[in-house]
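Written below as structure tokens is the structure these notes are about.
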């Protein structure tokens, strides 16, 4: 009965953003089956490169970092910086390892199950770390993911892994929030998906306006969660009155 009422509420409600004919998310889907979103040639190459090609990539990045350090006025031959270019290159590849992750083969695998559960499933307080694509400095915080099953559920740890995959790329928080929501929607075809993210951005804390106490909240509501009552229930369960 709950699902019937929810479907009726969805039908009465405005068409969800991701299926509007004129929506940019319909014309240019932000989530492909391999997990990329508007991928460049370089991300494809990186995902498919051999171990030897990865070593060559590390050397190229190291060379670029040496140039940057030199232009900053540093001596790249002093003891403290001798191995820094190599370490930084490996660190950056780790921070952006999501470019090498396949959403179905590496993240979801066989963790989608038939189940007749028809109430919200919520995983709260998933910690995420990412890099702002504008300044290449970190932003970090927590993401809360909820969905209403439609005969299928997913292993709970996979929600955290899904968030991790998209976070380990050069990102903006708004896009990261949408990618998580739409990927889950694509995989499960649920009655609704809700994602709320709260993060602190080092580009606001350590430079520019330097507001150390600020945080940014973004959300993406799909399907049934675009209806006010369902959204309100989700936010109440998160301990929030609004977003």
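Keep in mind that glycine also has a Cβ here, set from the backbone N, Cα and C atoms.
The candidate list 203, 220 contains one residue that Swiss-Prot assigns to the Zn(2+) site with 132, 135, namely 203.
Shown are the binding-site residues 132, 203; the one with the most C-beta atoms within 10 angstroms of its own C-beta is 132. In the structure as shown, the Cβ atom of residue 135 (Zn(2+) binding site) sits within 10 Å of 15 other Cβ atoms.
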